[in-house]
């Protein structure tokens with residue numbers, strides 16, 4: 001799709017979406033996004049220029065379909081996939097990608113860690129993906145050098161450059177964790193639960209040096225600028241339990257992420273901010289508001305948040321509750337959580353369950369936000385239900401296969417696709433049918449006449 005668009009810009013010194021937006025140029029990617037989101041192209045351009053909307057679109061991911069993350073656009077959902085040292089392979093990861101996209105993933109992160117063939121896995125995922133692919137480069141850095149304590153600045157830049165050339169559209173970089181935050185971490189119940197953050201912290205504590213990603217942040221920006229890789233500024237100190245939510249460690253890092261955001265914007269690099277995590281319902285709004293203040297309204301991208309800690313096996317449900325609220329308060333993208341969260345590596349079915357839970361959360365928030373067209377399918381579904389149009393109901397459902405499967409468990413015969421009831425109420429107790437029959441046989445003219453006569457009689461008394 002984007003081959004010709006990118007070819008036209010080959011001789012431009014800078015080719016990031018933010019650069020063009022600041023110059024007043026509406027790119028083809030912005031036009032595409034505007035059409036998909038039912039927005040004015042000029043609004044898209046101005047929001048990208050301001051940093052409140054990002055279009056993650058590496059110039060080397062040429063078959064990518066552009067999408068937008070920001071408050072003027074629909075709430076987006078990210079799916080995490082990736083191989084580990086103990087499970088999964090290229091074919092499995094591509095199937096997870098396809099399942100993610102099938103059920104509505106707007107972006108996908110390849111979080112492969114410890115796998116033997118990470119480059120090949122990523123190449124296969126990008127080649128098969130119509131959506132932006134994100135990574136946490138630290139995982140491959142450690143995989144290549146073997147020991148995080150041996151990490152050098154050159155190791156970081158080498159892997160970032162390699163992944164950027166492959167077509168990765170956004171990097172999660174844990175650059176906001178600083179040495180001065182370490183005393184606050186000791187006060188926590190669960191310390192650092194971010195993988196990238198914990199690895200970075202171990203290097204810092206061993207060498208008594210500042211965060212290497214923070215130290216060479218300008219060099220990282222140069223790579224991002226060359227390939228138009230967006231930055232997803234990682235929250236190393238996101239709370240891993242309700243006890244640690246909204247503590248000083250989390251909020252102090254958030255302020256640093258705001259400073260890094262301004263530095264990235266100065267180099268025309270797009271930014272979004274990663275957020276928690278585990279947050280009680282009553283603290284979600286405050287977390288969103290603080291991000292908007294500290295990070296200058298850069299799009300907020302949150303993991304959940306989980307609103308309880310005892311939902312093991314059902315964390316996709318507990319976190320979808322927090323996700324819907326977070327999106328309503330102002331979060332732009334939700335990172336899904338699967339039923340396997342805290343328990344193991346998700347399989348293809350777990351990806352499906354997590355994606356659908358989060359599409360429900362995102363869609364619910366968009367309806368509440370009155371996003372143009374967000375409720376159209378819901379209204380169509382209401383019409384189809386009242387008309388007993390079962391095939392239309394299946395078609396409109398977020399998961400048509402599951403909707404049909406549940407219906408057919410008790411009424412599998414094709415004749416029941418025309419029935420004016422389901423197995424819940426049967427033919428005699430269906431409220432839709434009872435109401436329709438009552439309305440159809442009701443004499444409205446007679447009712448109106450009786451009502452008018454009653455009103456006259458009451459007036460005379």
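Count begins at 1; order follows the chain as displayed.
Any Cβ shown, glycine's included, is placed from N, Cα and C.
According to its DSSP assignment, residue 196 (substrate binding site) is helical. For residue 196 (substrate binding site), the same-chain residues lying six or more positions away in sequence with a CB closer than 8 A to its CB are 136, 138, 139, 172, 174, 234, 236. Among the features that Swiss-Prot reports, substrate binding site is placed at 80, 109, 139, 174, 194, 195, 196, 235, 236, 237, 238, 274, 301, with the record citing sequence analysis.
For residue 278 (Zn(2+) binding site), the number of other Cβ atoms no farther than 10 Å from its own Cβ, over all displayed protein chains, is 25. DSSP assigns residue 278 (Zn(2+) binding site) to a strand segment in the three-state reduction. Marked as Zn(2+) binding site by Swiss-Prot on the basis of sequence analysis: 278, 342.
On its own chain, residue 422 ([4Fe-4S] cluster binding site) has 407, 411, 430 as residues at least 6 apart in sequence with a Cβ closer than 8 Å to its own Cβ. Under the heading [4Fe-4S] cluster binding site, Swiss-Prot lists 422, 425, 430.
Annotation: 236 carries the greatest number of neighbouring Cβ atoms among the binding-site residues 80, 194, 236 [cut-off 10 Å, Cβ to Cβ]. Geometry remark: residue 238 (substrate binding site) versus residue 278 (Zn(2+) binding site), CA distance 8 Å. Between the CA atoms of residue 278 (Zn(2+) binding site) and residue 301 (substrate binding site) there is a gap of 14 Å. DSSP assigns residue 301 (substrate binding site) to a strand in the three-state reduction. Each residue contributes its Cα atom, and for residue 342 (Zn(2+) binding site) and residue 194 (substrate binding site) these two points are 12 Å apart.
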